[in-house]
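Q: Okay, so TrEMBL annotates it like this:
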| type | residues | note |
| --- | --- | --- |
| DOMAIN | 54-92 | domain 'Leucine-rich repeat-containing N-terminal plant-type' |
Amino acid sequence: MHHLQFAYHLHNDVFSIMSGRSMHSVLVGLVCLALPLLFLVQVLEAPTTIMCLESERQALLQFKQGLVDESNALASWKSKKDCCKWRGIACNNQTGHVTGLNFSFSYDSYFNYSEVPLRGAMSPSLLELPFVNYLDLSYNDFEGIVIPKLIGSLSQLKELKLAHANFSGLVPPQLGNLSNLHTLDLSGNYDASSYENLEWLSHLSSLRYLNMSYLDLSKVVNWPQSLSKLIVLTELQLSQVNLPDVNLRSLSFINSSTSLGTLLILQYFIG
């Protein structure tokens, strides 16, 4: 009887030891399988740093060479290799393409005398940034040069802001090529004017905001017809542009609910 009990206990002890070892082996095996999977998940979930393309970086550096930056506002354009981290530059975080250039001068900086507006010219290297959809050069000083025709070749532009940037001469009709444009601000360029018509505006089928205040439009004829074709326009500012006389009640785009959006601002001096 004692021999049977001893054999029984011995069998249970051996079974327990074997079971413990088997369980330990299973756990070790599972851990060994889980670690590579965990590492793979971490790799897949880790954020990928996309840097700007070298060709676009070089194009920006060429653009900078055409500017006079007296206050060294664009100092980061040398110290950081990734142009997506440069001041005023926005990039697509998936492709690295440059999508925005914001060089608008800050009035706060002006009053603090810590910075002065950029001067100079715009380099054709801008054309090597084909994915730019935002360009803001407002409140800088381009010293009376004509708005470059090349801007009309930036086909992806959605917002173009050149307000109070001291441009002069005729506004290039090539801006009418910007069919994706929804915001156009040319205001405050007192020495700029337009051709005898604004027909080029009629090609901007996506335009929702238009500001041409303080431009000289005194020689423009048939301007209501051109503006009437901007069927999604919601805000129009034409302050002090010296437009030729016209009967406001005859303007179809004012009365039509389909040709003009919800907001219309017409504050102009009729010569």
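Cβ from N, Cα, C; glycine included.
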Q: What are the DSSP helix, strand and coil residue counts for the domain 'Leucine-rich repeat-containing N-terminal plant-type' (54-92)?
A: 19 helix, 5 strand, 15 coil
Q: If you average pLDDT over the domain 'Leucine-rich repeat-containing N-terminal plant-type' (54-92), what do you get?
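A: PLDDT averaged over the stretch: 92.
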